[in-house]
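Remarks on the structure that follows.
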Amino acid sequence: MSQKGIKSLTISIASPEQILNWSKGEITKPETINYKSLKPEPNGLFDESIFGPSKDYECYCGKYRKVKHKGKICERCHVEITESIVRRERMGHIELAAPVAHIWFTKELPSPSKISLLLDITYKEVDQVVYFVNYIVLDEGNNVYDGKSIFNKKEVLDLTSPKNSIRSRNKLRRTLRNIQERIEDELNHEREALIQDFDYRLAVTYDQMLKDSNIPFSVKDVMAFIEKHTGVRFGIGAEAIRELLEKLNLEEEHEKIKQAIQNSPNAYDQKTKRLLRRLECVRWIKDSGSKPEWMVMTRIPVTPSETRPIISLDGGRFTTSDTNNFYRKIIIRNERLKQMQATDAPEILLDNEKRLLQEAVDSLFDNNSRKKPVVGKDKRPLKSLSNHLKGKQGLFRQNLLGKRVDYSGRSVIVVGPELKMYEVGIPALMILKLFRPYIISELIRKRDELGNEIQPICANIKLAEQKILAQDNEIWPVVEKVIKQRPVILNRAPTLHRLGIQAFEPKMVDGKAIRLHPLVTTAFNADFDGDQMAVHIPLSKEAVAEARSILLASWHILGPKDGKPIITPTQDMILGIYYLTKEKFPQVIEEMMAKDPTQARVEFINNFHIFSTQDEAIRAYKLKTIRINDVIGITTKAFNNKTFSKEGILVTTVGKIIFNQAFPVNFPYINDVKNLYGENQFEIIGMHESILDYLKAYNLKEPLTKKTLSTVIDYLYKVSEIEVVPQTMDKIKALGFKYSMISATSISAFDIPSYDQKYEYFKETDELVSKLREFYLDGKLTDDERYTKVVQAWSQTKDKVTHDIEKLINSNEYKDNPIVIMAKSGARGNTSNFTQLAGMRGLMSKSYNYDQKNNNGVIKDTIEIPIKHSFIEGLSVSEYFNSSFGARKGMTDTAMKTAKSGYMTRKLVDSTQAVVIKDHDCGTKEGIIVREIRNTKDNTSIESLKDRIVGRYSINTIYDTKNKLIIESDKLITSEIANIIQNSGIREVEVRSPLHCASLYGVCQKCFGLDLSTNKLIETGTAIGVIAAQSIGEPGTQLTMRTFHTGGVAGDTNITQGFERIKQLFDCIQPQENEKAVISQVKGTVERIEKDSNTNGYNVVIKYNKDNYVNYPTRSNAVLRVKTGDEIIAGQKITEGSIDVNDLLKYAGIENVRHYIIKEVQKVYRMQGIEISDKYIEVIISQLTNKITITNPGDSGLFVGETISINEFTEVAQNMLVNKKKPPSAINQVFGLDHAPSKSGSFLSAASFQDTKKILTDAAARSQKDMLIGLKENVILGNLIPAGTGLKDVEEVIAYGEEMYKKQY
């Protein structure tokens, strides 16, 4: 422990002495509480003398009551006078009458259990011995036949199974005959003497009885007899296992196994694998300081009584924790066994009782591992201690990683357009509840801020509470004062990324709904159709400072996943801004335009108003001299602080003047978005230019849409101080709402364009479909080919319809159509909606089991009869039925996808949670070579070179093609430099990457580069692992579930796409045979490609190393990627499809694997229009590929098969070389997301992910020490996390919070 909490945590196997040390007393009675007095029974499971008093400072018998007796122990009832909370931490114990094996060490599927590995007997044999089925040899004695010992030590005698019992019985009979022969020799074969010898007669009798397989007597007698004569000792039960473990010499065993591994001819056979497992286990126990026999317990601990409470229900009934039932059973059986032992009961009865005791203890520790778990009255298995640890409802995930918190509430959200960006409206009722302690403290305050005495509003807490309850008028000024002291934190579930939790300054509102600022809805993914949000209150000074400086909504301008503005206005606001920035010719000219455009342009000058100031122009609009969208002129001098390309008359509209007033004074005037970047110089008529000529050629500019407005906000963020952006956004929001109201945009079914062209297309396609049907019936086409062509035909028809509709809505006729305006501005709707409303619904999907797709068949997941009608026309009955089919599939897909995507996000977070920015520069000289990602099929760009290198550090100095310096090595590549690199024709750039960062834990600032959410160098302490996982997981729900098929002929590649593809890549799942690409294992040239008549596929022959050849057969429907004469490298695709990552690692190395995964992940996301920075994918991949498996330990002390991180391996190898020792060798590994978290080196983090039991068993066996490097481990133990402000001083955090508070407007 230290000032800052726990420094590290070790887990090990508890020794009997340790258990006694924990315990405050032995429990001998199974009773819980007295049914009359409801007090705990002495010596029972709730005994107060062991676990502490039930009531604070009050003993069992009532002799001592009150805190003044604290620390005394009552002479009568032996209860210590203390607080009752000790009942949560004090433990008891049960002394077992017979040793019991710990189920975690005997049953550990799928791998062999620890006891089985230590004793080198099979898992099944351990089980049989422990459960009193079979005997085990403890000592082979001097029992020899043919020069060999009949029994081997640790040999298990199977006398129960008909198959194996013959061999064991024969061995026993052989031993009995040995005894007979020895007695015969002693008595010189005298018949009389032999008949009278009791032992001889007994040996003969036992021998005869053992002939029969159904042994009708206790074998124990035979074994006792054999032991007496030969010294061979047999044992059964946990007692026998314990004795063998006690006698185990770990040092000897270790050397023996090492020798056996060295002598093993095959390093990969099952025998060697088991030897390696044994070596690992023996070394763990040897190095841990634990003794193997501690795996078999002679006493068990009893958990504190408050952790397994007994609760009284109505009607005098009780309910209790399942744990109590287990303990009760153990105590009853244990006490019964003690009595039997005291009365010298027969061995067979004792063994039976010991087995029952073993089973009772097993069910306490792990009820579900048993074949027949102990069930309750309702026939459900009772929850054992293992169940309390694992799963979502277990201790780790339910109680340690996520807790319910006080000072919180939740309510429905409604929009609050009047709020500032950092404000939230909290209902008065909620404020009274949440801020109650602060309000009361203010009401009873006797001194003011300066320390002067004042008259309190309420004399005491009780009166203050009454005033709050009555909602007295006197409390409201106090409430207003109190809520200014601290912000509140808002959270909307599901919290898919860090912007799902933000802080706001509270503002009291009427009603019961929380009022939310409209601009933050995108970040929360909230809408106002009944969504609820939770409110939390930061209590400590540090928490308040953190909320104000880091969590406040107005600081979150850019989304962390792509660095794009996340507070872009939406819907009504967009509509208002679109209307406000729209340009029109003056009304008279507009009317003329329809009749005579040339004359209208000449007349334009007579209706062109020029103003000298902004106010004058706005006044003219208010007086209705001009309309808000009319093109007008205004002198450039009317705009102070703004720079123009020249002086003169700026051609703009009143709407644009009003819009520009929302921006800071020195911000460029936005007449068109291009103005921001100096393109298309401002529309200014210069001092000596002809106004008439200018106006004649004038074309109306496009208004601002959602997309262009986002560009404006992005630019504003780049050039302004952080506090200016939210102020400007609030002004834009207000303008948006105001002018969407003034625009009076309405919506009606008759606004939808009418369209009839489609029926001609339908006629053509129907004819084609019937032709295809005839071809199929004539046997010219297979059903698969017919289906594919039909679907393709209808898809093309819909494409034509879509194209027509697009042309229609972009035509002049519909430019003022309200629905078209909504779609064009980006407020609501898109072309696909118009196609369905005015054109046709098209083909619908149907349910299809993608997992069972056959090898060569076509995926028939589309109903081949399209829906020809549009929604405006209305659907026919059959069309409605088909469309409901697709709609339902869509709903179920979404539900499935959400769950799967959530699980993937959890796995991503668990894999990367320990990755934090640790230092400024790790000094690595390695990087990754980055090229543009292109889709090789249609040669389109998926991600440009600029997108991939911007915000990263260069490894080498970069020159353009003319040898002119662009950027030096180890310098940041800004957006401008990235543009120059891309335009100079450079195809690839080597940059720093998290994949090659040499920091021992985490990543350095330079290897990561710019923080996408601030556009500044990433700060130390940023938990980029979690941010990367969120950025990849959050859009996961937007990925499609279906497998795209490229349409066209059967045999075109059916490649898994969308979410399933991401899962395949990150979980390292082998692609199915029919979509797996054939890759080259060698570097060479394609010699020839031959058709294989047997398989209908191809044989691709590659020549390598001058005159070596290798042949790659392909499946029948494979699409080739190579042609004769092509140069080919190892790992390159020969056929289309998905590459198996493990094959790629084998033939092309880890770097190619990393590049492949980045490229494929980007392909999936970008094809869905989701932009994610490469850096995040690299952080994830670095965690999947940063482990290495030892193949030869050299002199390092590591062992074969051990998995360690690359950085650790490098350190060990360097030390070996420096000390002139033999370094270890190893191979790279790729782990999927399912296995990566358990390889993190922290058992707490791994156990809270999956396989809790196995991870804790392994960690305890090796006495593992958790150094608490990651975030989860620290959360579990209640430490501050080693990231963000957790690494800073408290004073520093508070000072920063106060500084940022001053920046609020």
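Each residue, glycine too, has its Cβ placed from N, Cα and C.
Per Swiss-Prot, the features are:
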BINDING   Cys59, Cys61, Cys74, Cys77  Zn(2+) 1 binding site
BINDING   Asp527, Asp529, Asp531  Mg(2+) binding site
BINDING   Cys922, Cys997, Cys1004, Cys1007  Zn(2+) 2 binding site
Proximal residue to Asp527 (Mg(2+) binding site) among binding-site residues Cys61, Cys77, Cys1004 (C-alpha distance): Cys1004
Fewest Cβ neighbours within 10 Å, where candidates are the binding-site residues Cys59, Cys922, Cys997, Cys1007: Cys922
Taking only the CA atoms, the spacing between Cys59 (Zn(2+) 1 binding site) and Cys997 (Zn(2+) 2 binding site), expressed in whole angstrom, is 62
Cβ contacts within 10 Å for Asp529 (Mg(2+) binding site), all chains included, total 7
Pairwise Cα distance for Cys61 (Zn(2+) 1 binding site)/Cys997 (Zn(2+) 2 binding site) [Å, integer]: 67
Winner by Cβ contact number (other Cβ atoms within 10 Å) across the binding-site residues Asp527, Asp531: Asp531
For Cys1004 (Zn(2+) 2 binding site), just count the other CB atoms lying within 10 A of its CB, please. 21
Looking only at Cys74, Cys77, which of these binding-site residues has the biggest number of Cβ atoms within 10 Å around its Cβ? Cys74
What other residues of this chain sit with their CB within 8 A of the center of the CB atoms of Cys59, Cys61, Cys74, Cys77, the recorded Zn(2+) 1 site? Glu48, Tyr60, Gly62, Lys63, Tyr64, Glu75, Arg76, His78, Val79
From the Cα of Asp531 (Mg(2+) binding site) across to the Cα of Cys74 (Zn(2+) 1 binding site), what is the distance in angstrom? 57
Roughly how many Å separate the Cα of Cys997 (Zn(2+) 2 binding site) from that of Asp531 (Mg(2+) binding site), to the nearest whole number? 43
Beyond the site residues Cys922, Cys997, Cys1004, Cys1007: chain residues whose C-beta lies within 8 Å of the centroid, for Zn(2+) 2: Asp919, Asp921, Thr924, Arg992, Pro994, His996, Ala998, Ser999, Val1003, Gln1005, Lys1006, Phe1008
Going by DSSP, give the three-state secondary structure for Cys1004 (Zn(2+) 2 binding site). coil
